[in-house]
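Input: a single structure, listed below in structure tokens.
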Number of protein chains: 2
Amino acid sequence: MEQPIGVIDSGVGGLTVVHELMRQLPKEPLIYLGDTERCPYGPRTKEEVKQFTWEMVRFLLKKNIKMLVIACNTATAFTIEELQEKLDIPVIGVIKPGARAAIKSTENNYIGVIGTEGTVQSGAYSYALRQIKSDIEVISLACPAFVPMVEKGILDGPEAKQVVETTLVPILEHDQMDTLILGCTHYPLLKDTIQAVAGEKITVISSSEETARETSTTLDIHQIANGDDPMPPHEFYATGDLNIFIEITQKIFKDSNFGVLTIKHADLRHV
Amino acid sequence: MEQPIGVIDSGVGGLTVVHELMRQLPKEPLIYLGDTERCPYGPRTKEEVKQFTWEMVRFLLKKNIKMLVIACNTATAFTIEELQEKLDIPVIGVIKPGARAAIKSTENNYIGVIGTEGTVQSGAYSYALRQIKSDIEVISLACPAFVPMVEKGILDGPEAKQVVETTLVPILEHDQMDTLILGCTHYPLLKDTIQAVAGEKITVISSSEETARETSTTLDIHQIANGDDPMPPHEFYATGDLNIFIEITQKIFKDSNFGVLTIKHADLRHV
């Protein structure tokens, strides 16, 4: 099927999922929508997140998407069950793929999760992990400083390193933790810094890479993969300022050649 | 759903998938059937493999399985499309999970595949890989000495090392290969030896681990995972000699405590 896959996020973090989708599924056209104007979702109420997510979903349904990827952990935690129930197309989030990869990776069942306040308070990772494997020990930490930093385009350098180091102290005190889930799609943009601070003994799981992998599985099970398009067109939309969005997009896709990309402003008030 | 997942293989190789299923999905009861009497399938004709596989499938359908895992690359290559079309339950094989993991892993798109003659000649991995990503370079090699060695219980030591070293020479000459798929479920039993011979620069992908991971995804998409059973019962069947089967089972599961396990002989002539 040549229809695009729709990808939504609260801001630019979901672009890490898009990057992996383009790398792992290069024949699939993508439409991305980042709600950069109202980012971050982490500190918002469940009702607000649900309302904003539905606005994004309605925008993408008009673009005739064949599948929806909720590339935002907070939105996944609060809306995925409702979306899976109400939409006619397959819907996947970022939490279960990350949870499954962590279960495959861990050797001692001690798994750490870092994410936004909303994701951590929802307990969505603990629930997903223990639903599959009861004896998983979950240590989690909200890292509210990371998303605003990434949205400003600060992805490396001394400021990023210092913020990551300071923030991760409480979770790195748990010596037994052998696997750490980046439970926010913004965090893979800080992955090198996080891996360096966490040390080699900890396997860092990017929910973005894992979600792309499970998108491939989902397309396969539903038999809706695109057969033959080596350079499909992609469309990226943002609700907020396009300049900073384009700047971050260029940073994330700087070494990539994934086909024709159009970047536009999206107005969700008239959907 | 408390019904078991059915797992079939030509012999003992599929036990590596079962081991990973128990580790990654500890709440799921499993029924394993190894056609040890007629192993190996690798050198057999497509028609023979199809006939034998259908006999195993009929045996397991009588056990009321909720999902089928074809834990044999040769059987997957020759039968999966037919089984997916004709059975009412979800069916997954070992080829696509291995292919997807390799695509996620490779950084330069050079992927090696080792398997039985049947799997390699079928071109199933090349097809699966290139269907997803056209520019993957696939180097493949049949390793007919591995399965008979594993079925004899020779999993490590000097004989195993020498056979692996000698066999892999032609594929390791390809310097660019950065990822190697163990395209036979017997091979994970030689994984340490294969990784040592291949060297650290090559990521070795176990189709067994990846198939367990995708079984988890499939249960989730079809909403048939088992909610709550920390120590489910498992049944293992073999068509051939039970002594060697039990010996190899003990080697594979020596450090594991996965619940109650019953091992029995299976007669497929009267299914």
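The backbone N, Cα and C atoms fix where each Cβ goes, and this holds for glycine too.
The feature substrate binding site is assigned by TrEMBL to B:Asp9, B:Ser10, B:Tyr41, B:Gly42, B:Asn73, B:Thr74, B:Thr185, B:His186. Counting every protein chain shown, the number of other Cβ atoms lying within 10 Å of the Cβ of B:Gly42 (substrate binding site) is 25.
Note on B:Cys72 (active site, proton donor/acceptor): other Cβ atoms within 10 Å of its Cβ, all shown chains, come to 36. If you look up TrEMBL, you'll see B:Cys72 (among others) marked as active site, proton donor/acceptor.
What TrEMBL records for B:Cys184 (among others) is active site, proton donor/acceptor. Note on B:Cys184 (active site, proton donor/acceptor): other Cβ atoms within 10 Å of its Cβ, all shown chains, come to 33.
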Sparsest Cβ surroundings (other CB atoms within 10 Å) among the binding-site residues B:Asp9, B:Tyr41, B:Thr74, B:Thr185, B:His186: B:Tyr41
Neighbourhood of B:Asn73 (substrate binding site) by C-beta distance under 8 A, where only residues 6 or more apart in the same chain count: B:Gly93, B:Val94, B:Ile95, B:Gly115, B:Thr116, B:Thr119, B:Ala124, B:Gly183, B:Cys184, B:Thr185, B:Ser207
Proximal residue to B:Cys72 (active site, proton donor/acceptor) among binding-site residues B:Ser10, B:Tyr41, B:Gly42, B:His186 (C-alpha distance): B:Ser10
Chain-internal residues, separated by at least six, CB under 8 A from B:Ser10 (substrate binding site): B:Gly34, B:Asp35, B:Arg38, B:Cys39, B:Pro40, B:Tyr41, B:Gly42, B:Phe52, B:Cys72, B:Thr74, B:Ala75
Three-class DSSP secondary structure - B:His186 (substrate binding site): coil
